[in-house]
Each structure stands twice: as C-alpha cells, then as structure tokens.
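The structure appears below as structure tokens.
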Amino acid sequence: MNDTNTTMNVILGTTFLLPILVTISLTAVPWITDRHDAFGVTVPPAAHADPDIRRLKRGFSWSMAASGIIATAISLAVWQWFGIEPAIWTISAVSVALTLVGFTVQQICRRRTRSIAVRRNWHAGADRRAAIIGEHDNPEPISLTWEWLHLVALAVTVLVGVLGYGNMPERVAIHENMAGQIDGWANKSPWLILMAVPGQIIVAMVLIAAHVAIIDAKKPIDPDHPATTGFAYGTFARVWSIYTLVIGLLVAGWMGLGVQLVTVGVIGIDLFATVAMLLAVVALIGVLVISVYCGQNGSRFYAGASRGNGGPESDDVMSVDDDRHWIDGVFYMNRDDPAIWVPKRFGVGWTVNCARPVVWLAAIGLIAVTVAPVVLALI
C-alpha cells in the first residue's frame, strides 16, 4: 500500500509539472521564434526591436503566465477537494486548455502585428531563394544509422523475457488504474514475453519518423544571410536529431524493458509507472531547454552572429514573404511546394504541408492505428 501511495504521489507530482511546463513553453515562444517572423507574420529581423512588437510579445507572455497560474490553482483545488484521480484528469484538461488559450492570444497578436506591418510598410520586394555555396560545411542532423540501436534495445527486451521466464509469477499484473489499483491480470504464458515488444516498436517507429522528418525538412535560408542562417539552421537540426535519438532510445527502451521486467516479476507495475512518468518529465524539460537554447531555426545563433555585423536591429530587409501560404500563421498549405515537413512559424520545431496528400493519408493511418485497439477490445 505504501508503494502504491508513493507511486501515486510521484505520478501526481510529475503530472502537476505538465501545465507548468506548458506555461513556460508558451510564455517563451515569442522570444525564441525565428527572427523573420512575429506571431506567424513575416517581418524583417529589425521588427523585433520595434516598441509595438515588443509590447505585443510582453503582453502575450504575461497573458500565458497568468493563464498558467490560474490553471495550476484550479488543479490544486480539485486535488484538495476531490482527490488524486480527478486532479489528474483536471491537469490534463487544463493543459489542453492552455494550448487553446495560447492559440487564441496568438491570433489576436497576429492581427495586430499585421496592422503594424502595414503602418511600417514592411514587405518583401520579391520572393527570393538562396543556395548556399559550401553547404556541406554546415552542421547536419546525425545519420539514421544510429537508429539501428533500437534493434539492440529490442533484443535486450526479448532476452530479458526469455531468461526471466522461469521466475514469471503465475498471474501477471498488466494494467493499473488511475487510483493505483491493479485491475488487469494475465496468466503465465510464453506469449507474455512478447507483450512488451509492440509498444517498444511503435514508440521507436514514431521517434525514427521524427528523425527522418528533421533530415528531410525544408531548410529556411535567408537569401541576404545564407551562410549565417544556413549554419544556424544546421546546428538547430543537428541538436534536435541528437535529442530525438537519445530520448527515443530511453522512452522506447523503457516501454519495452520496463514492461518485460514487470512481466517476469523483477519490478512492480508501480515502479514501472513511476519511471515512465519521470522519463516523460525529462523529455519535456529537454524540449524546453533546447528550444530556449537554440530558438526556432537556430534563431538564437543567428541573432548572436548578427550582432557582430551591426545587430539584428539594423536588418530591416524582408527577403521572403509567404504569408499567403500560412493559414492563421500556423497551418502551412502550399500546393507548389514539394516539401512535406517545414519549420513552424509560431513555436519551435516542424509542421506539415497540409497541401500534400501523403500528410492526410498518414493522419488517417495514425488515427486508425490508435482507434483500432479500442474497437477490437469492444468487439
């Protein structure tokens, strides 16, 4: 019982970090976005020193900070009055709500940024692109060859199951509800050794796909600063590819090995859940740290290099303006662009080109894979 209480306290504590991390991430977004964008609107880098733009950025950050405080207070109140399980559901709900609030405030700031751009006469004279001479000298994402390490991790999971089968209990706990009570059991069977494999494979495939996306994504190169922005983006992509590999091995590995250790009776399901939650927190903190350190598209590196050449405040040139392809400054749709993955306009990371049919086919496939187990369980 003490182990169960400890596990639930750890899960609750780490879950409480979710709205806090979401709040910090959203609060930081306007300050780490690409220097050529503000709230999803194309602007010259000098715009980030404009008093009106800075006022909008501060307003967005304060709005998100206040929303995060309210969300955390609501979650704490639910925990005190109704207990752990309702609190966990509430935390999940307010975390989603924070994202929706962030989108709403971003849209308000986006409209005001467009008005400022009109008043300041910010526009690109022509849509230009640049090819970098000596591009091979820029940092690149790490090779997909590293992803073969997932096979090693998978082999370890299976080997642990085979070696530990003799110690497997006659009844194996396979599910724990949100109250910390085990409500699912399976009888000892050689097939249980393989129970850990599908989850590990699915998580590994998702992270490998993310690695592929980083490698194949469209490169945002500024024609006026091709070398600087090329190096900055290359560094950005390399850092994220390393993170994707490391966190993928940790999370997928624990999804497999952890379940296997529970199956053969080495650890309890409580410990598995505790470590899984801690890994989730580590993953989220890693995303936040890298986002703040690099900025979108390596904008923090680009800003630092620009200061050595007169500073971003002196860079009032808009080389490219493709706002027409960005719905609400967030959703990219360009039938003439063959790229599937493109850097985000607002936030850090990549998004998809919604005009590509393969994107919708992949979305349908993902939904089918997610829903299928639930449907099959009900049949």
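Quick reminder: no glycine exception, Cβ is built from N, Cα and C everywhere.
Copied over from TrEMBL:
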type: DOMAIN; residues: 154-196; note: domain 'DUF1648'
type: DOMAIN; residues: 335-360; note: domain 'DUF5808'
type: TRANSMEM; residues: 6-29; note: transmembrane segment
type: TRANSMEM; residues: 60-81; note: transmembrane segment
type: TRANSMEM; residues: 87-105; note: transmembrane segment
type: TRANSMEM; residues: 148-168; note: transmembrane segment
type: TRANSMEM; residues: 191-215; note: transmembrane segment
type: TRANSMEM; residues: 236-259; note: transmembrane segment
type: TRANSMEM; residues: 271-294; note: transmembrane segment
type: TRANSMEM; residues: 358-378; note: transmembrane segment
Non-local residues, at least 6 beyond the ends, that sit with Cβ under 8 Å of the transmembrane segment (271-294): 3, 6-7, 10-11, 14-15, 17-18, 21, 24-25, 28, 32, 176, 235-236, 239-240, 243, 247, 250-251, 254-255, 258-259, 261-262, 300-301, 348
Candidates 6-29, 148-168, 191-215; stretch with most C-beta pairs under 8 Å toward the transmembrane segment (236-259): 191-215
Within the domain 'DUF5808' (335-360), residues counted as helix, strand or coil by DSSP: 4 helix, 7 strand, 15 coil
Surrounding residues of the transmembrane segment (191-215) on its own chain - C-beta under 8 Å, 6+ positions past either end: 141, 144, 147, 150, 153-154, 157-158, 161-162, 165, 168, 172, 174, 237, 240-241, 244-245, 247-248, 251-253, 255-260, 263, 340-341, 350, 369
